[in-house]
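These notes concern the structure reproduced below.
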Amino acid sequence: MELLFDVGNSYTMVGIHQDGKFLTWRIGPSSFESEDGLFVIISNLLNRVNVDLNKITLAGISSVVPNVNFILEQMLKKYFNVEIIFVGTKNKINNIAYLVDYPKEVGADRICNVIACKQEYGDNVIALDFGTAITVDVLEGGNFVGGAIIPGFKTAIGALFSRTAQLPKVEIKIPEYHLGKNTIDNIQIGVIKTTLYGIERLIDEIKRERNKDFVVVATGGDMSFLSSKISIFKHYDPYLTLKGILYYSKEIKKL
């Protein structure tokens, strides 16, 4: 049994992998104030679903928030008898080369996404991860060849709210029309629809530039309630990043 952590900017996804299935929970940044407090939160979550902590043999971690890594690692060392593995580009997993200017700068979440994509969807895949930032990651010929980073929906809406005097903070929703008749509609159309249209155009241009078709896979918390309403991707995989953490950790354990 594996315990997995996808540490993001807005929240951390905690996952248990057992018998080919994932159980997941979200915890907020305040959960990482101390190693003891973090253990209480994690153990309570696992106890609710009758997970025997002694049967967990591996902890895999993808983190884009370095300042929580120490507390997380210390908690695991103190309370779990597990091998702890952090995701990074140092080890070549699934024979993926990172053909970019600075491979060490590629985020752990993006590494996990391309590893999972290659494992499950093939050598030519575009991964879209809708979170605090929207990442576009391109796997071509089985290697990571680049991508893009875009402000996430909540990030963009939050920026409008914090930097203007009268614009409200609105929920993430896709209006059925393209001309807003009130402020909320205007923001939703302006932020969400134009972002999605921009990503769709970007994907088309990547395909044209590389002269290749790609399977498009989406993941991320902000996509869970929009996946049935848009068609810019072929697959929605809510566990894509966790799968990547799992594949990475198991391969490292073999070394």
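Keep in mind that glycine also has a Cβ here, set from the backbone N, Cα and C atoms.
Cross-referencing Thr57, Thr89, Thr132 with the ATP binding residues that Swiss-Prot gives (Asp6, Val7, Gly8, Asn9, Ser10, Tyr11, Thr12, Met13) picks out Thr132. When the binding-site residues Asp6, Gly8, Thr12, Asp129, Thr132 are screened for a C-alpha within 10 angstroms of the C-alpha of Arg110 (substrate binding site), the residues that qualify, in sequence order, are Asp129. The binding-site residues close to Gly8 (ATP binding site), defined as a CA atom within 10 A of its CA, are Asp109 out of Asp109, Asp129, Thr183.
When the Cα of Ala108 (substrate binding site) is compared against those of the binding-site residues Asp6, Ser10, Thr12, the shortest separation belongs to Asp6.
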